[in-house]
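Features of the protein shown, as given by TrEMBL:
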COMPBIAS  277-287  compositional bias 'Basic and acidic residues'
DOMAIN    78-208  domain 'TFIID subunit TAF5 NTD2'
REGION    256-304  region 'Disordered'
REPEAT    343-369  repeat 'WD'
REPEAT    409-443  repeat 'WD'
REPEAT    451-482  repeat 'WD'
REPEAT    493-534  repeat 'WD'
REPEAT    535-576  repeat 'WD'
REPEAT    577-611  repeat 'WD'
Amino acid sequence: MATTSSTSEEAVKKEPASCQYDKQTLVAVLQFLRKHNLKGTESLLKAEAKVSEDDLKTEEDKKTEVSQALAAVYKSDDDPSLFEDLYQDLKTFVDSCLDVHKVELSTILYPVFVHMYLELVYNGHQWNASQFYSRFWQDQDEHRHEDLARLTSVRQKEHMVGSDNQLLESFKTSKFILRMSRDSYTHLKRHLQEKRLSPLLTIVQDHLFIDVFDGVPRTQQQIQASGGGLTGEVDRDANKAKVLYGLLREPDVQIALDDEEEGGEGDEKPKKKKSKKDPLLMKKSKNDPNAPAPTRIPLPELKDQDHRDRALGFREAKKRVKLDHNHLPSICFYTFVNAFHGVTCVDVSDDSSLLVAGFSDGNLRVWSLTPQKLRGMKGVDDLEIIDKEADDVMERIFDDRTAADFKSLTGHKGAVYSASISPDRAYLLSASEDGTVRLWSLQIWTNLVCYKGHNFPVWDVRFSPHGYYFVSASHDRTARVWVTDHHQPVRIFAGHLSDVDCCRFHPNSNYVATGSSDNSVRLWDMLNGSCVRVMTGHKSAVHCLQFSPDGKFLASGGADSQVLIWDLATGMMVAQLQAHTSTVYDLCFSREGTMLASGGLDDSIRVWDMQKIMAEQDTEVDPSIPSNITINDSPSLLLGSYFTKNTTVLGLHFTRRNLLLACGPFVAPS
């Protein structure tokens with residue numbers, strides 16, 4: 001297991017002492033004391049256990065608070081029969097505007113529709129609400145229909161209290177954000193004031209936040225590209241923090257070149273082998289002005305084995321195939337057949353030597369992708385007699401009698417939704433339906449730790465590129481950062497309005513990206529846990545994320561069949577890649593970042609031209625003026641499409657030589 005220096009250990013956030021107790025039991029005891037008016041004992045225990053007042057509120061208290069808040073929000077006494085006429089009047093106004101303003105003004109129709117429906121329901125006008133919904137729901141954007149279908153489950157006032165409806169929760173707790181040019185906003189304001197439409201004015205003032213900018217109105221493409229979130233677009237102030245997206249300086253690694261690489265001419269004998277600095281490594285060792293300080297986040301110290309792995313990696317990089325639009329990657333596809341328990345996730349180690357798959361029955365299976373079979377470590381007695389100073393000590397500790405083509409790991413009580421192999425190939429993480437994350441040893445092939453913290457299924461887990469840290473994403477709407485030698489999370493990222501479906505570490509390990517069923521992508525700072533980027537544009541759940549090797553771009557894919565490319569410096573979308581016909585499950589950049597591969601439920605792999613995206617990116621655009629932003633959606637960005645025979649693409653991985661590996665289960669046609 002990776003270790004850190006004493007300074008690193010001190011810098012890791014410690015959990016308070018109260019975490020050692022069962023918090024739910026403490027809360028129950030405190031509620032009992034309060035019920036029987038034992039105030040002195042209650043105050044002492046509350047102070048000692050560091051339990052907040054909010055934790056002591058019962059479900060009834062919380063429901064009462066929600067009811068009071070809703071009463072303040074939906075307090076209208078207007079005639080319910082007028083709501084249809086008011087909404088129709090608003091639609092007529094939008095349709096009558098000039099085309100240049102119509103596109104922007106039409107964005108107000110959806111949030112007004114939802115809030116009008118909720119107001120009718122809350123005030124007990126169920127029949128009017130049903131009529132209103134039936135008349136206007138089909139006028140909303142198609143990507144909103146799935147959310148609106150969930151809204152129909154709210155038919156009575158009681159349904160609005162204690163509901164787990166994500167759309168309802170987002171509209172109750174957050175203002176819907178719209179972005180309009182000043183001219184379009186002036187037209188809307190004049191219409192509302194002239195007509196004196198009291199209910200509409202109330203909804204606009206209480207439930208909408210209109211971000212007005214100076215400049216020409218945006219086009220349909222620009223609005224579609226930034227919309228789609230449960231609460232509309234992103235407040236421009238949310239993406240003003242500076243992101244240190246540069247890569248950390250690589251440590252110096254001495255590499256002994258092979259004799260054949262230094263061989264002399266003719267009959268001359270090769271000179272004696274000596275250590276030299278790899279020129280490729282020297283190229284990567286330059287300081288990046290956009291990189292964080294090496295000590296900003298405590299990182300594990302490199303061991304001798306880590307240095308050897310890096311040296312081998314740089315050696316492999318010398319033989320890398322350079323990819324461009326004239327030289328597309330070769331693809332090797334690993335197909336799972338007869339997987340009766342259902343393959344739910346796959347992962348390939350960074351050096352492409354190991355493949356792991358998780359199954360719906362809770363088991364994991366690890367295969368070797370090289371001729372060398374998987375072996376287990378020798379017993380304690382045999383290890384004691386090994387010469388620890390021997391050069392091949394790491395080879396001697398393994399028992400050849402345990403060699404096998406694959407190893408099985410059992411422990412989870414529910415389906416395994418994600419797996420991640422550590423950079424040093426010593427450990428494996430798995431996330432499961434049972435709400436736990438497990439750490440497995442790939443040397444003794446057993447479970448080492450079970451991390452419990454999430455309250456619901458864990459959808460994704462991923463190691464940091466530097467090891468030691470890992471991040472998990474869950475149905476409980478949070479992502480959590482852990483360290484392998486602590487059983488409690490050191491960071492909790494809360495802010496998404498729905499499930500956090502996927503997560504990834506930035507190449508410099510200072511940031512974590514998350515994708516959610518609230519249709520948004522967020523970037524979190526490991527230093528303080530703050531959200532530094534919120535990116536909207538997807539029209540459905542985000543299922544996969546991948547950072548570019550240089551750390552400057554983030555790619556995201558999801559259930560809307562789109563692949564979106566984001567510039568982390570500004571938080572702006574720079575490209576919209578549309579070719580898939582179903583959910584995108586995985587993304588992978590080539591090793592030098594010139595190509596992006598995507599795969600998913602449509603049984604295909606698509607290869608995209610990242611080099612062209614970077615070359616055509618407008619770096620001079622002012623992000624404060626949305627109408628100036630251009631998004632590259634050219635069909636020429638698609639370099640190739642490769643289809644499988646009824647095999648869903650669950651995993652993609654570029655080897656160090658730029659061979660593309662893909663994995664997925666074969667599904668026999670029905």
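For all residues, glycine too, the Cβ spot is worked out from N, Cα and C.
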The repeat 'WD' (535-576): DSSP-derived helix, strand, coil residue counts: 0 helix, 25 strand, 17 coil
Close approaches to the repeat 'WD' (409-443) from elsewhere in its chain (Cβ under 8 angstroms; 6 or more beyond its ends): 1-2, 303, 305-306, 309, 342, 344-351, 353-354, 356-366, 376-377, 397-398, 449-452, 454-463, 465-467, 470, 472-474, 482, 484
Sequence-remote partners of the repeat 'WD' (577-611) [C-beta within less than 8 Å, at least six residues beyond its ends]: 317, 320, 322-325, 328-329, 331, 543-550, 553, 555-559, 561-565, 633, 636-654, 656, 658, 660, 662, 664
Residue counts (helix, strand, coil, in that order) that DSSP gives for the repeat 'WD' (577-611): 2 helix, 20 strand, 13 coil
Summary of DSSP states over the repeat 'WD' (409-443), given as helix, strand and coil counts: 0 helix, 20 strand, 15 coil
Secondary structure tally of the repeat 'WD' (451-482) (DSSP, helix then strand then coil): 0 helix, 19 strand, 13 coil
Taken over the repeat 'WD' (493-534), the model's mean pLDDT: 96
